[in-house]
């Protein structure tokens, strides 16, 4: 048992079966990370520099951009180096740290998306009370609460996962230390861990998704009842970008964590994980820029200056 519990390192074997494409994967991951950082930094600067964007909606969007930089930074640089240098080992503590911060930022993003849906609900369904409901104090409280919720979840997930014993080959069939992939290499009985993961992650995903769906249900009803086509188009344009981001994120995460047997198909998880760990943080700034008239207008004004 002493040998079982004192693992010193793991080996990340994700995409190892494609030896000829390692350099290409490294270049691709590096390029996507650079685009992610530049895109989200630009989004933060645009919001900070334009007083017209100092509203609750863009306060959440600014925090989402900062979160996406942190979220991607936990995974992508390490994966790119792994593919380029071939050094697939990661220390026991390094693996635990990566899992902790990945779970923290991933959970927080789910709560952020739910908050942004509620913000749009308040703006479209209760426009006269919007400034009263979405005051600065509430916005700060919601952001802080999202991080606290994320911290609770990542502490539970990381603590339960690394309380397991690891013996024999410690090869993780993934490109980072994800909870299901690490549990898969344990020689302990993981039934309790899988139940905990399903209960905690499932409740978070379902709970935040319900907030999104209920909010957009009321939003759609309100938009349909608007008298003019112009007002309907304006209201829908403020929501369409967020709806797309929500669909991409929750769709991928649901198939990874909110279903039984998540540890049984690690090969499938590699491809799905790329979507919500790398692609979604990269394209979020473009979604919110290209599909948002206010952001595009702000960007044009800043460029003219």
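Glycine is no exception: its Cβ is also placed from the backbone N, Cα and C atoms.
Feature annotations, courtesy of TrEMBL:
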type	residues	note
DOMAIN	39-288	domain 'G-protein coupled receptors family 1 profile'
TRANSMEM	23-47	transmembrane segment
TRANSMEM	59-80	transmembrane segment
TRANSMEM	100-118	transmembrane segment
TRANSMEM	138-160	transmembrane segment
TRANSMEM	195-223	transmembrane segment
TRANSMEM	235-258	transmembrane segment
TRANSMEM	270-290	transmembrane segment
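Taking Cβ pairs closer than 8 Å, the transmembrane segment (270-290) reaches residues 14-15, 29, 32-33, 35-36, 39-40, 42-43, 61, 64-65, 68-69, 71-72, 75-76, 102, 106, 173-176, 178, 241-242, 244-245, 248-249, 252-253, 255-256, 296, 299 in its own chain, all 6 or more past its ends.
Within the chain carrying the transmembrane segment (59-80), a Cβ under 8 angstroms from the stretch's Cβ atoms is held by residues 14, 25-26, 29-30, 32-33, 36-37, 40-41, 43-44, 47-48, 90, 98, 101-102, 105-106, 108-109, 112-113, 115-116, 119, 139, 143, 175-176, 277-278, 280-282, 284-285, 288, all 6 or more beyond its ends.
With a cut-off of 8 Å between Cβ atoms, the residues of this chain six or more beyond the transmembrane segment (138-160) that come close are 56, 59-60, 63, 96, 99-108, 111-112, 115, 179, 192-193, 196-197, 200-201, 204.
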